[in-house]
Amino acid sequence: MTDLKVKIGKTTLKTPVIGASGCSGWGLELSKFNDFDRIGGFVTKSITLKKKIGNENPRIREVYGGILNSIGLENNGVEYFVENILPQIKNYKCAKFLNLAPFSKDDLFSMIKILDRNEGFDGYEVNISCPNITNKKVNFNSSFDDSKKLLKGVRDLTEKTLLLKLSPSYNESFKIAEFAEKEGFDGISFTNTYIGTLVDVEKREFVFKNIQAGFSGPAIKPLSLFNVYKMVKSVKIPVIGIGGILNLNDLLEFLIVGATACQIGTGVLIKPDILEELSRSLEEYMKEKKIKNIKEIIGSIKERL
Amino acid sequence: MIERVLKKIFLTDNVFLLEISRSNREDILLGQFASIKTSLKDKILRRPFTIVRNEKNSITFLIKVVGSSTESIGNFDKGDFVDILYPLGKGFKENLDYENTIFVGGGIGIAALIPFLRNVKYKLIFGDREGEYEEVLKYFSLKGLHCQEKKGKFKGYPTDFLNRYDFDTIVGCGPKAMLKSLKDYSVKNDKKFYAVYEEVMGCGVGLCNGCSVKTEDGDFIKLCTEGPVLDGKRIVYD
């Protein structure tokens, strides 16, 4: 029997393959392409306390090696999620994490209090790393102190699995992760997109109205892989590796450097059935290599130093 | 899913017809589209195209080469494998009264109108800025008022000729400037206006909100799952 199961907090994932927030819709769209019984899970799009309209167009542009996005957390707010979306996804047979994007401590606490009264999901991924936040006051990831204030006490609100999603664009992420670990978070989702931009040469203007956008896709893989490796060294709780994974080899690299599980973002946009495909190909790889348990792969990097 | 190229014909220097096999038995509705993976290593996102024709065993696209992605799709040959997702989009389910509907196409926007114009009597104005679509019209046996920006019998923009017709509904597809004129006209003259809209798409299947279209009430509509045929008067064309 090949065992692909991994545990993060109270959540057991059937495989270490998870659909990343922002690229997995609300799970509803993904369910048409993947057998949820055969994947690890998915993380919803960001939920905010109140409805959020999202950014002006353009929102997405392809560049060499990846895509830039400026979506802007578009969603109908937490109450709408509870009433209209949760009932549709609650019976899905994979792990379901709700990505929460707070603009204040009150926001975060209110959302968790509202959501925690409900069943039908496994945990939260607190997202303080949206690449399209330009207001410094709510850009928690850019400040260790602001993040500390925000995250303090979150653990007391819920017994569900708690993840924290961090940005590779701020050095503070490593300190924030260590703090989250002390606070009782169960895992770190790393990395979010890299903050980048794009210029329209003809118009001599930035393409995105917010100037900045989140860069993802295969081009970021080596950067994220190294960042994940560093994060694995920084904290003892599970790290969920994210960054440009498009195939089995990419997935294995992240697992080998110590990621307990991985999230696929841009890969899902290209190939909506990639979560099931990667889960299956990982299982086949393990059978072929006579690896009985995924734990034999996770963190198995041989370090020469 | 993977299909195979059955036929590819360049109808003009840069507009080609691509017919591929159809193994997916799902019904294909008016206005639905497919997203095709290019053969370029440096382009990772699929590209969306209207399904112009669907037969029992094939689907057809009409594509204009506008950049490296469409160029690479234009290089597909008979027998090549095509990585494709279809049918996508909500499709168009309203009953159109063709007697009182005018179809307005601009440039390659005509592709999205072709499925509406099969086996029916229709009214069509087609704006062909450079006069390069003669062969396309012939191939699909399209009849209507064929205008060009600066020459020919009908000189001007498609909207210049609307007053020649009686209609209460417009179905339009083409450049944003044309759609905006159609919206202004529809608002002013109290006509119904359906726009077959285009936007850069991330996934094409409702996952990313990359193709959201801004509406008059300050909201956004996801084009890939709610469109591509939208209430043209609701859209903000900026």
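FYI, residue positions are counted from 1 along the chain as it appears here.
Using N, Cα and C of the backbone, Cβ positions are placed for all residues, glycine too.
Features reported for this protein in TrEMBL:
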type     : residues                                                                           : note
DOMAIN   : A:4-286                                                                            : domain 'Dihydroorotate dehydrogenase catalytic'
BINDING  : A:S21, A:K45, A:S46, A:N99, A:N127, A:K165, A:G217, A:G243, A:G244, A:G265, A:T266 : FMN binding site
BINDING  : A:K45, A:N69, A:S70, A:I71, A:G72, A:L73, A:N127, A:N192, A:T193                   : substrate binding site
ACT_SITE : A:C130                                                                             : active site, nucleophile
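In sequence order, the binding-site residues near chain B, meaning those of A:S21, A:S46, A:G217, A:G244, A:T266 whose CB lies under 8 Å from a CB of that chain, are A:G217, A:T266.
Counting only same-chain residues at least 6 apart in sequence, those with a Cβ under 8 Å from the Cβ of A:K45 (substrate binding site) are A:S21, A:G22, A:S24, A:G25, A:W26, A:E74, A:N75, A:N99.
Checking each of the recorded positions (A:S70, A:G72, A:C130) against A:G217 (FMN binding site), the C-alpha distance stays within 10 Å for none of them. For A:G72 (substrate binding site), the count of additional Cβ atoms within 10 Å of its Cβ stands at 22 [all protein chains shown]. When the recorded positions A:S70, A:G72, A:C130, A:T193 are compared by Cα distance to A:G244 (FMN binding site), the shortest distance belongs to A:T193. Cβ neighbours within 10 Å of A:S46 (FMN binding site), excluding its own Cβ and spanning all shown chains: 22.
Candidates A:S46, A:N127, A:C130 (recorded positions) were compared with A:T193 (substrate binding site); those inside 10 Å Cα-Cα are A:C130.
Sequence-distant neighbours of A:S70 (substrate binding site) (same chain, six or more apart, CB under 8 Å from its CB) are A:N55, A:P58, A:R59, A:I60, A:N132, A:F208, A:K209, A:N210, A:Q212, A:A213, A:G214, listed in sequence order.
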